[in-house]
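Read through the structure below, which is laid out as structure tokens, and then see the notes.
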């Protein structure tokens with residue numbers, strides 16, 4: 001017996017909410033890129049953030065549960081606090097500068113390159129800017145400003161064929177460069 005897979009539905013609950021529409025577009029694009037032949041998701045950014053986050057948590061746990069009594073551990077606590085603030089700054093810098101608006105990294109086996117797909121949207125604006133970057137230097141390859149109303153129907157569902165053709169256009173344009 002062959003089991004039929006259900007077609008996933010991408011919908012925003014409120015198509016006038018900029019964060020919800022951007023999130024629906026990002027989810028759809030991520031799933032489409034992963035399902036394409038020759039494209040594989042790259043977890044480099046997520047791995048760095050998890051490793052660095054665990055390192056920060058280990059620092060906090062050590063600062064609370066070390067075995068030296070309070071008056072003698074003054075310098076250890078100062079070092080842990082300084083380390084925590086510096087590591088928090090590095091983590092935020094990584095998210096803002098290095099990662100930026102990239103929501104998925106993927107490896108194109110045919111072109112033997114790594115690309116980053118990004119999206120940004122201004123608050124209370126219906127336009128979404130989609131970008132494809134060449135990684136690791138984050139060189140912008142393709143940028144397209146789309147009207148979210150063109151890719152959402154009246155009930156807030158993503159018009160999948162139209163969005164798929166846009167993704168294919170962007171990928172073809174990125175592979176040419």
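Glycine too: its Cβ is placed from the backbone N, Cα and C atoms.
Summarising the annotation, TrEMBL assigns transmembrane segment to 50-68 (among others).
Within the same chain, residues 48-49, 52-53, 55-56, 59-60, 62-63, 66, 68 sit at least 6 positions outside the transmembrane segment (74-94) and bring their C-beta atoms closer than 8 Å to a C-beta of that stretch. The transmembrane segment annotation in TrEMBL covers 74-94 (among others).
Within its own chain, the transmembrane segment (50-68) is flanked in space by residues 76-77, 80-81, 83-84, 87-88, 90-91, 94, which lie at least six positions past its ends and keep a Cβ under 8 Å from the stretch.
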